[in-house]
Amino acid sequence: MRRIAVMGAAGRMGKTLVEAVQLRSPLSGLTAAIVRPGSSLVGADAGELASLGRLGVPMSDSLEKVVDEFDVLIDFTLPEVMLKNLAFCRKAGKAMVIGTTGLGAREKQLLAEAGKEIPIVFAANFSVGVNLSLKLLDMAARVLGDDADIEIIEAHHRHKIDAPSGTALRMGEVIASALGRDLQQVAVYGREGHTGARERETIGFATVRGGDVVGDHTVLFATEGERLEITHKASSRMTFAKGAVRAALWLDGREAGLYDMQDVLDLR
């Protein structure tokens, strides 16, 4: 059995991850659940908090306290929290599955350095459908080339704090790479006022925030006479959680390295 720890186990995504781990039993089992230091939930049963019944896994407020109880840590927390956990797991030799978004160049460099010592799966989105979409986007960009104007539209719930979403940015990176472009040079984030005619090589991003939208992404390839749209809509966080657990199981026995869901799904 793969012993899995969930960071932020009291949050919305954390509870879903706890449930997803148990759904893969006996291949995986929740053996540690971590909440923020000082939380009133320390000692509470992780299964009961996730409405699964008692699992016998008490909430802890420290990785140090449960270091001998897990093989891989699943972490969807904020960047500053994830980086502390990364440093701990790197020192302790623990594998990680990371779904944190909003990372900058420095944070990604730290991930790359840690990947030289421990196995890590890092992805902006763990949905199987989204990762299949990335493969389709690469194909579409290569076929349509410079003939298409490309726009990426994403929508999420009102509580999401980063924009564009990590998934939208990853989609942009895949498309830009296929076209031999640098996303940082060609990305346009929103438009307002008298913008002038659209420059052919730009990749546009539009963001919508509202309600309880789990995550919608559409990429528009607009050419003269026709449009191609590739859309993915998530209706439940469970799709991300199941993908993360799949990644955790895939890491079993892997050598150190920085992997993503394209590796897990053999889509390279």
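Any Cβ shown, glycine's included, is placed from N, Cα and C.
It should be emphasised that the depicted structure is a prediction, and the values quoted were computed from it without experimental measurement.
All protein chains considered, the CB of Phe126 (NAD(+) binding site) has 27 other CB atoms within 10 Å. According to DSSP, Phe126 (NAD(+) binding site) sits in a coil region rather than a helix or strand. The NAD(+) binding site feature in Swiss-Prot is assigned to Gly8, Ala9, Ala10, Gly11, Arg12, Met13, Gly99, Thr100, Thr101, Ala123, Ala124, Asn125, Phe126.
Counting every protein chain shown, the number of other Cβ atoms lying within 10 Å of the Cβ of Arg36 (NADP(+) binding site) is 14. According to DSSP, Arg36 (NADP(+) binding site) sits in a coil region rather than a helix or strand. Residues annotated as NADP(+) binding site in Swiss-Prot: Arg36.
For His156 (active site, proton donor/acceptor), the count of additional Cβ atoms within 10 Å of its Cβ stands at 25 [all protein chains shown]. According to its DSSP assignment, His156 (active site, proton donor/acceptor) is in a strand. Marked as active site, proton donor/acceptor by Swiss-Prot on the basis of sequence analysis: His156.
What Swiss-Prot lists as (S)-2,3,4,5-tetrahydrodipicolinate binding site is His157, Gly166, Thr167. For Gly166 ((S)-2,3,4,5-tetrahydrodipicolinate binding site), the Cβ neighbour count at a 10 Å cut-off comes to 17, with all displayed protein chains included.
According to Swiss-Prot, the feature active site, proton donor maps to Lys160. The Cβ of Lys160 (active site, proton donor) has 16 other Cβ atoms within 10 Å, all protein chains considered.
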For His157 ((S)-2,3,4,5-tetrahydrodipicolinate binding site), the number of other Cβ atoms found within 10 Å of its own Cβ: 13
Thr101, Ala124, Lys160, Gly166 filtered to the recorded positions whose C-alpha is within 10 Å of Arg36 (NADP(+) binding site): none
Top Cα neighbour of Thr101 (NAD(+) binding site) in the set of recorded positions His156, Gly166, Thr167: Gly166
